[in-house]
Amino acid sequence: MKLAKTLESRLLKFWILLLFQISSILCSIFVLHHMFTAKKFRRTLSSHVIIAMLIVSLLSVTVDLSLTLIYLRLGIVHPKLNLFCFFWMYIDFSFYTCGMLLTAWASFERHILVFSVRYFRLSYRMIFVHYVPILICLIYPFIFYNYSILFYSCENDLLDFQRTLCGVPCFKRESYVLNWYDTLMHSVVPSILIVACYMALLIRVIRQKHRLQQQLFSWGKQRQIIIQLLTVTCLCITMNVPLFTIILI
């Protein structure tokens, strides 16, 4: 009876995730195609980090989620190889952290784009304050997890082929410093920054609009950036609430 319930639970998760995976891939491809083909979006600074987030999300849903679906369908990690487990952990943690860091940076950069867009008129400022942070958000997670997952040596690598990701990466068990650095810097702190930056942006917009009495500051011109950030913020926080609850407990 217990085995039957476990099988039914796995298959239910499989079909639900498969449905959302197909929808997500189609939507991501459609939006990315629209942003790449429309000159307006390609040249708009606020769109660049969104494009990067969409690409990371598409790769995560296509590769990482597909591995999860295979596990749910079979009830076991396949193929049963240590190297495969490390690869799965590596891409899962890297894609997640890329998404969190990009969202946090987008939340902060919106302040510049809304109130000080002239700051980017100089090319060197655009390179170092706009493009370089995006590249860091994309490259840094892969470097960090390259060390902590692929090269960090543990006395006993306890890989469980009956669990998703083959269990927890060994650095989470063996290194207190790396574990809490990963949790705080890649999950908790970015989420706090996302919420704080959005709330600060909303307050600044309302104050600016009231102070200038709608003469020099146009809410309509900035509404798209703020609504875009609100959507990403709400989705990010909603998805991370269970994780943060477990961490606090």
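Even glycines carry a Cβ here, placed using N, Cα and C.
Note: TrEMBL annotation is automatic and uncurated.
Residues annotated as domain 'G-protein coupled receptors family 1 profile' in TrEMBL: 27-249.
What TrEMBL records for 12-36 (among others) is transmembrane segment.
As annotated by TrEMBL, transmembrane segment applies to 48-74 (among others). Listed by sequence, the residues of this chain that lie at least six past the ends of the transmembrane segment (48-74) yet keep a Cβ under 8 A from its Cβ atoms are 10-11, 13-14, 17-18, 21, 24-25, 28-29, 31-32, 35-36, 41, 88, 91-92, 95-96, 98-99, 102-103, 105-106, 109, 130-131, 134, 137-138, 164, 228, 232.
Same-chain residues lying 6+ beyond the ends of the transmembrane segment (86-108) with a Cβ under 8 Å from its Cβ atoms: 49-50, 52-53, 56-57, 59-60, 63-64, 67, 77, 133-134, 136-138, 140-142, 144-146, 149-150, 165-166, 169, 182, 186-187, 189-191, 193-194, 197-198, 201, 229, 232-233, 236. TrEMBL lists 86-108 (among others) with the feature transmembrane segment.
The transmembrane segment annotation in TrEMBL covers 128-152 (among others).
Summarising the annotation, TrEMBL assigns transmembrane segment to 184-206 (among others).
TrEMBL lists 226-248 (among others) with the feature transmembrane segment.
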